[in-house]
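Enquirer: Pasting a structure here, questions to come.
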Amino acid sequence: MPRISTSLIRKASRIRPGLHLLLPECRTLEQAKLEYKWLTEELPPDKSIRWACLQRYKHVPLQYILRSQPFGALDIVCKPGVLIPRWETEEWVMAIIRALNNSMLSRHTIPLHICDTFTGTGCIALALSHGIANCTFTAIDVSTRAIKLVKENMLKNKVSGGKLVQHNILSSKASDEYPSHIDILTGNPPYIRKRDFNRDVKTSVKLFEPRLALVGELECYINLVNYWLPKTDSFFYEIGDVEQFNYVERRIKEDSYLSRIWSIGLKYDSNGKARVVYGFKATPKGRILHQIFASFGTIRHLATALSGHKANCN
């Protein structure tokens, strides 16, 4: 990463007091000015601009300073120790909401139960519950801080109809509080590989966000296939690279039973990066969801039980 020039620091100092302190994180004057604007408009009343700029100079994430992050129609409270919602996650969650609201399910108000694993702030579960009619949810996380923050976000955003479960999803023993059946399973698991964490991740993330919610290999996707697929009609799991999609696809295609009943797709984000592995089971509701999400991404494996049906499959 190139060093910030002395001339740029001087220029920023002349524009606004403390603006130059934002440059190490923002990198450009334009981004620093935008962030300074957000700070002046949204900073909690008990904090000063000078304090906020100094915090950013120390690489404290903006969302922890402002204490919130917009996510769809919601304003999600953010606190240290819990992963900050990302735009990449918001993008695919909003795509789910749009697809469901434009479908027959919205017209007939068919009930849906959503289970959100690795819930963090609860942004996925709460956004789906808020945006979809006749929807209930279960949100699961191992972190006490996360579960407390989900409760706070439910109150702030006036979202009800949810059950919170504190449990380690990767534990060999399942919780009795898990739902017995799920219509839509969602998750943003820790997926940054250890080899990539120090090299690719921003300083602010490495210093201040919980490593537990960031770093992972394939364990969460192994858990998805081994434990969750029998319980759900569909799933949407965020990924960090196409290798994680390939693992899930391979496990399903190489299993004669799973390959018969599961269709698997891949969604890229607006930056052209592999972002979501998703799938639909060949059950009555799973088939409906498959039709609803026909344009969500690209189906890469079609369930052999549906091989006689027309589908968008590469």
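Cβ coordinates are placed from backbone N, Cα and C, and glycine is handled just like the others.
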Enquirer: In Swiss-Prot, PHE118, THR119, GLY120, THR121, GLY122, ASP141 are given as binding S-adenosyl-L-methionine, so which of ASN101, ASN168, ASN188, ASN198 is in that site too?
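Expert: Record check against Swiss-Prot: S-adenosyl-L-methionine site with PHE118, THR119, GLY120, THR121, GLY122, ASP141, extra candidate from ASN101, ASN168, ASN188, ASN198 is ASN188.
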Enquirer: Among the binding-site residues GLY120, GLY122, PRO189, PRO190, which residue has its Cβ surrounded by the fewest other Cβ atoms within 10 Å?
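Expert: PRO190, out of the binding-site residues GLY120, GLY122, PRO189, PRO190, has the fewest neighbouring Cβ atoms within 10 Å.
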Enquirer: If you compare CA-to-CA distances from THR119 (S-adenosyl-L-methionine binding site) to each of the binding-site residues PRO189, PRO190, TYR191, which comes out shortest?
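Expert: Among PRO189, PRO190, TYR191, PRO189.
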Enquirer: Using the recorded substrate site (ASN188, PRO189, PRO190, TYR191) as reference, state which further residues of the same chain have their Cβ within 8 Å of the centre of those residues' Cβ atoms, listed in sequence order.
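Expert: Output for this site, in sequence order: PHE118, GLY187, ILE192, ALA213, LEU214, GLY216, CYS220, TYR237, GLU238, GLY240.
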Enquirer: Which of these binding-site residues is closest to PRO189 (substrate binding site) if you go by CA atoms: PHE118, GLY122, ASP141?
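Expert: Nearest by Cα distance to PRO189 (substrate binding site): PHE118.
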Enquirer: Rounded to the nearest angstrom, how far is the Cα of PRO190 (substrate binding site) from the Cα of PHE118 (S-adenosyl-L-methionine binding site)?
Expert: 8
